[in-house]
Amino acid sequence: MFMINILSLIIPILLAVAFLTLVERKVLGYMQLRKGPNVVGPYGLLQPIADALKLFTKEPLRPATSSISMFIIAPILALSLALTMWVPLPMPYPLINMNLGVLFMLAMSSLAVYSILWSGWASNSKYALIGALRAVAQTISYEVTLAIILLSVLLMNGSYTLSTLITTQEHIWMIFTSWPLAMMWFISTLAETNRAPFDLTEGESELVSGFNVEYAAGPFAMFFMAEYANIIMMNAFTAILFLGASHDPHTPELYTINFVLKTLALTITFLWIRASYPRFRYDQLMHLLWKSFLPLTLALCMWHISLPIMTASIPPQS
């Protein structure tokens, strides 16, 4: 039975990832006044299936000088971690109701750094290594603000369990009470998932394709799927943290529809940002974090610590 539960979580995620690639190409196409993919199937709807067939039937070549075991383990680890992070997300009921769901998600997103580092190092290519080092520095840096923002939100929430956020936001969304945090969180998730304008790891002009430059066929597809699964997961997490949908136990489907629509809106915002903004320079990226976001998040964290203490004496309003 548990296997069916896992499959009922993984298969929709993989389908969503497949069609997100199509949505991205369509959105970028229309924003650049062109059609996007429109040959395979009606309106290009079968393009993701054609892409998957092409990638998984291709021969997976690898450089002769690469470290075989790490080269193969890295994409498997990336995809496994990307799918594992969905486990504690309440939609409205999580697959496993963890007591410390938020900490689990932070730990998993930190582990994802290893797959990037291994892939860059095992490829034995200088471009892949530079791309991997950039990705790791960026991911680790932005995780600092993500963790502090999460702490601030959870202090208002009163629990590390993600399901509690639904109850907390019954009356008002957290985005209204903590909008500076929500803005910084959204920008940090862009950086965390290596998306434009923070996609320095894939700077075509200097690094070809970044840490996955030596990958082809199946392993490349796994990295690609991991990246897009992470994008959807981060947007789902944002929707739970700041745009909590009201949950009626009698009609859980309404919560799910609400949640999916919010996640979709945030994901399309990601694509919109990609079409609109140029890439940051590396020093600007680091300055934004260490000189702007970190002091602000620390100050807001102090505020979120003191606010519940100050209001503790006020009796609850029924």
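Just so it is clear, glycine is given a Cβ too, placed from its N, Cα and C backbone atoms.
Lifted from Swiss-Prot, the feature list:
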type: TRANSMEM; residues: 2-22; note: transmembrane segment
type: TRANSMEM; residues: 68-88; note: transmembrane segment
type: TRANSMEM; residues: 100-120; note: transmembrane segment
type: TRANSMEM; residues: 146-166; note: transmembrane segment
type: TRANSMEM; residues: 171-191; note: transmembrane segment
type: TRANSMEM; residues: 223-243; note: transmembrane segment
type: TRANSMEM; residues: 253-273; note: transmembrane segment
type: TRANSMEM; residues: 294-314; note: transmembrane segment
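Take the transmembrane segment (294-314) and the stretches 2-22, 68-88, 100-120, 146-166: counting Cβ pairs under 8 Å, 146-166 has the most. Within the same chain, residues 9-10, 13, 62, 94-98, 101-102, 104-105, 108-109, 111-112, 114-116, 118-119, 121-123, 162, 214-215, 218-220, 222-223, 225-227, 229-230, 233, 236 sit at least 6 positions outside the transmembrane segment (68-88) and bring their C-beta atoms closer than 8 Å to a C-beta of that stretch. If one looks beyond the transmembrane segment (146-166) by at least 6 residues along the same chain, the residues whose Cβ comes under 8 Å of a Cβ in the stretch are 88-90, 92-94, 97-103, 106, 109, 174, 177-178, 181, 184-185, 188-189, 192, 240-242, 244-247, 255, 294, 297-298, 300-301, 303-305, 307-308.
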